[in-house]
Each structure stands twice: as C-alpha cells, then as structure tokens.
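Everything on this sheet refers to the single structure shown next.
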Amino acid sequence: MKDELFLRGENVPMTKEAVRALALSKLELHRASHLIDVGAGTGSVSIEAALQFPSLQVTAIERNPAALRLLDENRQRFACGNIDILPGEAPMTITGKADAVFMGGSGGHLTALIDWAMGHLHPGGRLVMTFILQENLHSALAHLVHIGACRMDCVQLQLSSLTPLGAGHYFKPNNPVFVIACQKEENHVRDI
C-alpha cells in the first residue's frame, strides 16, 4: 500500500511502505490467525495486514493519544473490522496467544518487550522488529541469541527515492532501517 493512502499526523511514526512490505513478508501471516502490533502508530502495519488477510485478527497496541486517534481514523477509513485497538504501553497484560508479533520500536524497554512478545507467541510464532538505532539492533540480536530464538534473520534496508531537484532529479537517501525476524520454537526459547 502506498504511504499516501494513510492519514498522517505530526510526531506520529509510520512504518514506511518498503519497510512494511519486508516486515509483513517476514511475519509469514499466510499461516497466522492473530497478529499483535506493538506501537502501532498510524496503523499502517495493522491495516495492511488486516486487508491482505481478512480472517486475521489484529491487536494494535499504542500509547500515544494522537496516534490512537489516527489509528482509529485509519481503521475506519479502510473498514478494518478485524483490528482491535488497545490503548496503553507494552509490556501489558493481554489474554491469548498470537502467531505473529510486530514491534516498530522499543520505547526504551527493548529486552522486556522481546521477552513479553516471545511469551505471547504460540510455538512457531514469528517476531519481527524494526530499528533505526545501532544500539537497539545489537541489544536485540544479543538478547534473541541469549533466549534461544530460532530462524533468526537480520536485514539492513537502505532506500533512496527519486526526487526532483531544479531541472533534474536525484536519489534522496533515507535513513537505514534494520529488520530483525525470528521464530519461537517449542523447547527452544528458555525461560529467563
């Protein structure tokens, strides 16, 4: 989905189109029935997942009041009745397990969020995280190794977009984004 389709607001983050496409692919939602989107922002990941997989139940968690309003407006705009919005900050108490968890950031609670996400995944469930900070990348990778996550994969996405400049065009660079994906396997993720 094009980024321009989503309602946006100042200081409300959105997972961009190319990053979203890669993250959704790595979540392997074709075999999922429940996705948790932590720090849903505008809802771009939740909405694209819900539209691609209409039988998927999506739980979108967001703490920012401005983002919650945009998330709800975008959910209504795209008529996504399969998205439940949970106001609040993860880690939080929620019932049930998921087949996939997406984290678009950590809010300063990275290892606690990873543990929380793994605890809410069914065996075989997928966790996908995106970061722009190198420190978060290294901390996440080290913690995932420590807890025994399986099928770990990491990609750095560096995109540039063709942009007008005077009478010509140039490729305007975007910041690199790190995408980490892993899986919870039964008897492979140790209790902390």
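The backbone N, Cα and C atoms fix where each Cβ goes, glycine too.
The feature S-adenosyl-L-methionine binding site is assigned by Swiss-Prot to Thr15, Gly39, Ala40, Gly41, Thr42, Gly43, Glu62, Ala90.
Non-local neighbourhood of Gly43 (S-adenosyl-L-methionine binding site): Phe6, Asp37, Ala60, Leu70, Leu71, Asn74, Arg75, Ile83, each in the same chain, at least six residues away, with C-beta under 8 Å from its C-beta. Summarising the environment of Glu62 (S-adenosyl-L-methionine binding site), the number of other Cβ atoms within 10 Å of its Cβ, over all protein chains shown, is 27. In this structure the residues listed as binding S-adenosyl-L-methionine are Thr15, Gly39, Ala40, Gly41, Thr42, Gly43, Glu62, Ala90; their two most distant Cα atoms lie 18 Å apart.
Cβ neighbour density within 10 Å is lowest for Thr42 among the binding-site residues Thr15, Thr42. Counting neighbouring Cβ atoms within 10 Å of each of the binding-site residues (Ala40, Ala90), the lowest count belongs to Ala90. When Cβ neighbours within 10 Å are tallied across all protein chains shown, the highest count among the binding-site residues Gly39, Gly41 belongs to Gly41.
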